[in-house]
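The structure appears right after this line, and notes come after that.
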Amino acid sequence: MADQIVFSQSPLAPLPSFDAFCSQSEGWGPFSPDRYDLTPCFEYSTLYGGVSIVTTMILVARYYYLTTYGVPHCFGRTAWIYWPTQVSIALTAALMVTQAGSFLFEATVIKGNNNYHDVPLVAVLGCLGMGLAWIAALAVNRLEHRFEIRSSTIVFLFYLTSIAATSVILHTHYDLQHTTTATTTTIIQLLPLILAFLVQLVGFTVEAWPRGSTRVQQLSGAPEYDKANIFSRLVMYFFQPVVSIGIRRTLTADDTANLLSAGSRTQPGYQRLSARWDAALQNRARNPRNRRPPSLFWTVMRTQLVALLPIIMCRIVIALLSYALPVLLSRLLDYLQDYETKPQSYGIFLACSMFMVALFVALLYTYNRYLMFLVNVEVKAALISMIYRKSLRLSPGSRMKSTTGEITNHMAVDAEQWNEGMVFLSSWVSIPLETGIALFLLYRFLGWSMIAGFLGMVLLLPLQGLQARLFESMQARKLAAMDQRIRLTTEVLAGIKIVKIYGWESAFLQRILSTRNQELAALKMIGVLQALMSIIFISSSLIISLITFGVFVLWGGPNFTPGTLTPQVVFVSMTLFAMLRNPIASLSDATTSTISLIVGTRRVQEFLLREEIREEDVIRFKNVPMNPQDAVILIRDASFTWSDPVSPLLTETTVENEERQPLVSYEDEPATLETHATLESIDLSIRNGSLTAIVGRVGQGKSSLLSAIIGEMYKLQGRIQVSGRIAYVPQQSWIMNATLRDNILFGNEYDQERYQHILFACGLEPDLAILPAGDMTEIGERGINLSGGQKQRVSLARAAYDNADIYLLDDPLSAVDAHVDRHLWDHLLGPTGLLRNKARVLVTHGIQHLREVDWLVMLKDGLIVEQGTYQELMKDKKMFYQLIKEYATARRPSLSGRRKSSAAVLPPQESSSVSGELNPDNGSSNIDINNTLLVPDVHGSDSMSFTLSEATDISDQEADETATPNPERATPITIVKDDTKKDTKAELIAAEKMKEGQVDTNIFLVYMKALRYRNAVVMGILFILAQICFVGTSLWLKYWIKRTQESQDLISNASSDNDTRTGEPPSVGLFLGVYALLTFLYVLLYVIVSYLTFAQARIRASELLHRNFLTKIMRLPMSFFDTTPLGRVLNRFSSDFSSIDDRLPNKLFDVTYFLVTVAGTFMMIIYTAPQFLMVLPVLVATYYGIQVCFLRISQVVTRMYSVSKSPVYQHFNESLNGVSTIRAMAVQVRFIEANGERMDRMANSFMGSMTAKRWVEVQLRLLSTFVLLFAALFAVLGRERLDPSLVGLTISFAMSITEEITSLVRIACDFQNHLVAVERVIEYTDLETEAPEHTNVVLPPNWPSQGHIRFRNYSTRYREGLDLVLKNISLEILPAQKIGIVGRTGAGKSSLTLALFRIIEAASSSSCPVAQNSVAVDMREGPNEREEEEEEEEDGGSIEIDGIDISTIGLEDLRKHLAIIPQDPTLFAGTIRENLDPFYSLPDNLLWESLSRSHLKPLISSLPGQLSFVVSQNGENFSVGQRSLICLARALLRKSRVLILDEATAAVDVETDELIQRTIREEFRDRTVLTIAHRIKTVMDSDKILVLEKGRVEEFEKPEVLLARKGESLFYRLAEQAGEI
């Protein structure tokens, strides 16, 4: 042979030419000229040579990565997998090299023999390359087993590729032997290749074998995804066990607990993103000229670059393979038109090729989406973690800008945008690629006519830019309104008790609905924009096909003659146009979603760039000084402020602690006020072991001083130094939703001895004896089931157990009764207390303990006006002296007397032990405690039940012992080393209920009703009409083809028969006119249905559901809020309504569109191919079965995801409320870890939902590929009797219907999953509400005109299943009487107030909706404990005001006619006016008059805007005392004849207390006043004293009468303990 390779014997001979490497007669190919197959040279060069080169490079890179960055898993190797694969790889390498040697021997040694076989040199190189690649795989496989617990993806794919390539090459050799006359290689000569093929099959089987039962994977505990090989990931087989369980029974959280990949968890994701973000911030700091902030969005993209590469590559491969299908369809139609000249095997090859391409596309598509969601969940978790960490570092000015609601929105809405972020971001790679490929293929079929369509697309692009700008603006407006709504909702729900007491539900309801209307207005504009832009993105493919076909039939032929529409041109072009519709339609979603993503990320970026607290303001040392004379707190000439002294943008004042003055207006425009120092020229030195008291009037800066010490304020000048650890007790106690023990331990190790001693010192032991599960009883959110005194003592216990060096105590004694005050002072805080050797800084409004402190500091207007010892200040006779002389009682027991009295609580041996101390070195107690402690016999008494806000405090028996010791009544309680008392009924906050099974049809009907049934019907009709128009275009094209062919056949026949008749071609004008009309009608109908869906029906449904939900929530009884975490409700207001507003309408629109499209496509296929009816039932049944299986799983995991979000929100809100305590006690790391754990659970639930979707998508797409395979095979097998045009039409529609059905099933399931949001909303709207706001009872004018109150055998409880808190109360309060209500904590004082306002109803009241609404488990006592109360439960009695039973009138009518100054002074975000008069019903002069009488006029007059001054969230820019005065102003405006003061002066100093009492005496002298007070002196001048004991009336008489009884009177004993007598 002339073209054979001739090898020279000389070593210096030149290398052969490129063509010399292929000596085979068929040449390089790629297609053989003699066979319908590839050429051997192409196969060896590409399938072996190319694959081996690429694989070797990847293997080398992998080897480098593993040896450089790999971490051994240390679980050993799985021998039965490792050694067989290693042997298989080695044998394959050896056999490949052997085959290369065999080929080389043939080509060189026996090339002149007659039996010479035509072996190209490229075969030698190809086999040699494969041998070398397998040698590299041998080394990599060894490392993979050492560093990875799963099958190596590279080795797995190399096995698969090598097997496929070898099978193709062996088939070619076999084909050559049977179809050509040339001599070819024999089986003997190919024996090494055949053996290599068999060895690879064995090795691949072992490599792909599931490894879940292996020791390595079981020891690893890795997530299921991390253990799955690439095949399992592609087909989602690793999720199959969950599916199997879900089919058998309802899934639980444990079944899906290990789905999240380790790399996607919160901590590693945060570390990667945070490191990039910090680097970007540092780069900006190093370049001062660059004022532009770093982009968080691009930081995220750079962080995820490595993860994005496979996603982008998959997108590219998917696009290339997807558009290979029209090419194969064109070849198949060409084959069917000329099947006689081609073998049937060629047609089968084309059909199988279409199947394989569709199969690869299906697998890659689903796996690629899964990879995207892995990235999405990592980014989302990292962003939320960054938001959480940032919220713990915000400066005061930043915290004013970022309210709790806004920060929650960053987490719940902005970060949530990344749930599908990568799906749309990666579309920007596939959209232009797919569009370019489609236009290129259209050019091949339609020629230059395609340019007309391309120009049409270009002309539409400017509208795309316009839409992007408009959408971004509207989205920003919508998010801003949503922020405002969530913030306001959060604040109202947090203060719902106050809202109900004042009867302000309707006012706040309207305010929230007003912000909601602004949000919906922006949403409606977005809907209008979507409708208009649908012309571009949904209808554009039809418009472009109209333009393109129009130009083609006019000038598409040679020399601009009319083009001819053939079946091949039309059907392939229709397929391409249908495929082109996907990227064009995706352009709209990609644009809007990308803009939403960028806007949301930018909002998070702005938050992350907010100013942080300046740690350098406070110089901190870890340990206390060695010299006891050195100060642990040293402040020198320091000034502090709450407003930002640097940035003019942060003009708002944030105040978390209670003694903070409002400084700067909360206005939209920057304030012009200069920075004002809250504290000026502070000089203070506090030594270790000293007790320092900070005193002063309300608003003078006492709490601000503590905040300055812990670094919560801006330092303007001076120096502040702190040595040692700090424990902080805020004035308003911060209690976590956890057990009482967890609240006290606060993350520290449990030490039984120390713990027990602190319980005693804080007076908590008697409470634990009564709580249902002792210290394991769950405490509700915000400490809702504890009284104010209990919350404060738990807060003190937490600080004491922390064993810090410095204790900052912000007025902790204001919330406790006098006898509890004494106990805490003597056993915890005072000179003989547990903390006596610690540095204590005590802010106090009381004066009873001041003579016992070591150092006194008096503040006025932010200045230290006096400081020194008690004796020194009294000697100076200045301000402090005047305060003491004016307000101290004339008669006070001696210090020794008080100590003796307090010591009487315990026998002598126990009382001596309270002088012990906590060892600061090891955290253990140095107190020598006996094995038993003697405490009062609380078990033998008639103990009260654990109630919501009246739980028992220091037991009554203990108080009795304090007054008159009786050792005989004391019983020993042994200290055990384990949990002493557990009760499963003690769980107050039950886990959120999750419904099972499919979403009820009623939920769908509720949503349809919200949309309005008429709108839903019209939408369906319009969709059907639009689909008719769309199908009509295809039918019109088919008809046009038929007319054209008939005309051409007539012309051809006439020409051959010499007939003078000519067939007239169909009218082009008629064709284009009808086609254009159908297109125009389709576009018009689509715009109308889009507008109706997104701008009308969606808005109505969102508005109606939200209004009904909010109205219902505002009307639910307090028992619901007591047992339901705020985060659980906010989850519905934020996340669920976000789904209702955005996702649910889109899914409804899509599912209707695809349902109508699929129905139209089925009808079209049946019309063109009736035999399809035979497979249709099987197809529908299979799809339906898959959908049923999927729904059983998907709805459960979707509900799990919804439920898993609530703990994240709850923990978020809880942390934000206690951020000062968290920072002061330096426990940020622990809270960050807790946030990460909750985030991982939420992310795992999200991935469970996403994996279920990918699983069903794989099943649907695989089924669709088989449908396509059968359709193509039937066409090939029936080629002799089928019309090619009919086959083309059928297959083109079959190609589209597979995608449409897949989308329909997936979106239908998504729609049902998003209906869970409606289900969760309806769940709360079905709860029973309070009594009606109005009844038909007509109240007399000016009721109550007298203020005459009568209790008739009144009994009540907080919730069904709890004991009575008021029992048979019978008393009469005459008009204008002043009644002082006293009693120990838990006696029922505040319950009496709640009963007057009907916050709790009479025990027998039918209006008491407690049982249905109590989400928590009832905490019932045993039957023996309830026997005593059975008769009392028969009749709850009644309360009458001016002769009218209050249970017969509406709640709003009642509450608006009563006035109250509550125990917790609550202000709401808004203006001063709105806080005084939310209904805007009073003139300004009355408001100013009330402010003047409440001593606030000078303060409010000095504020910018005065009555329009904006109150920050929770009233944080006012001190607690100032908030109390504003509540007094509210009461003055009520003009009610009945006023209730519920411990209203507990948070104010004695001087302000006196002013308030004077105002009450003057302004309410003709009104009935009920005063509940901790300070006995406050009620000493009352007309009568009501003494409550265990929910019963113990005494009700004039104070002088009760005092005259002395020891026989409980009131006398309380007054004596308080030092008032």
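Heads up, the Cβ atoms here are built off N, Cα and C, so glycines get one too.
TrEMBL: automatically predicted annotations, no manual curation.
From a predicted model like this one, the values you see are computed outputs, not experimental measurements.
The transmembrane segment annotation in TrEMBL covers 79-101 (among others). Listed as Cβ neighbours of the transmembrane segment (79-101) (distance under 8 Å, sequence separation of 6 or more from its ends, same chain) are residues 123-128, 130-132, 134-135, 137-138, 141-142, 145, 155, 162, 190, 192-193, 195-196, 199-200, 202-203, 206-207, 209, 211, 214.
According to TrEMBL, the feature transmembrane segment maps to 153-174 (among others). With a threshold of 8 Å between CB atoms, the same-chain residues lying at least 6 positions outside the transmembrane segment (153-174) that come near it are 37-38, 40, 43-44, 47-48, 51, 55, 58-59, 62, 85, 89, 92, 130, 133-134, 137, 140-141, 144, 184-185, 190, 193-194, 196-197, 200-201, 203-204, 207-208, 229-231.
The annotation transmembrane segment is assigned in TrEMBL to 186-206 (among others).
The transmembrane segment annotation in TrEMBL covers 305-325 (among others).
If you look up TrEMBL, you'll see 311-596 (among others) marked as domain 'ABC transmembrane type-1'.
Per TrEMBL, the feature transmembrane segment maps to 345-365 (among others).
What TrEMBL records for 437-461 (among others) is transmembrane segment.
TrEMBL lists 526-554 (among others) with the feature transmembrane segment.
Positions annotated as transmembrane segment by TrEMBL: 560-580 (among others).
Sequence annotations record features per position, and here TrEMBL assigns region 'Disordered' to 895-926 (among others).
Under the heading compositional bias 'Polar residues', TrEMBL lists 909-926.
Sequence annotations record features per position, and here TrEMBL assigns transmembrane segment to 1016-1037 (among others). Panel annotation: around the transmembrane segment (1016-1037), residues 542, 545, 549, 565, 570, 574, 1008, 1071, 1074-1075, 1078-1079, 1081-1082, 1085-1086, 1088-1089, 1092-1093, 1097, 1152-1153, 1156-1157, 1159-1161, 1163-1164, 1289 of the same chain, lying at least six beyond its termini, place a Cβ under 8 Å from a Cβ of the stretch.
Residues or ranges marked as domain 'ABC transmembrane type-1' by TrEMBL: 1017-1313 (among others).
If you look up TrEMBL, you'll see 1070-1094 (among others) marked as transmembrane segment.
Same-chain residues lying 6+ beyond the ends of the transmembrane segment (1148-1167) with a Cβ under 8 Å from its Cβ atoms: 1019-1020, 1023-1024, 1026-1028, 1030-1031, 1034-1035, 1090, 1093-1094, 1173, 1176, 1290, 1293-1294, 1296-1297, 1300-1301, 1303-1304, 1307-1308, 1311. Marked as transmembrane segment by TrEMBL: 1148-1167 (among others).
According to TrEMBL, the feature transmembrane segment maps to 1260-1278 (among others).
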Maximum Cβ pairs under 8 Å to the transmembrane segment (1260-1278) - stretch from the list 186-206, 305-325, 345-365, 560-580, 1070-1094: 345-365
Chain residues outside the transmembrane segment (1070-1094) and at least six past its termini with a C-beta under 8 angstroms from it: 526-528, 530-532, 534-535, 538-539, 542-543, 546, 549-550, 553, 1015, 1018-1019, 1022-1023, 1025-1026, 1029-1030, 1032-1033, 1036-1037, 1040, 1145, 1148-1149
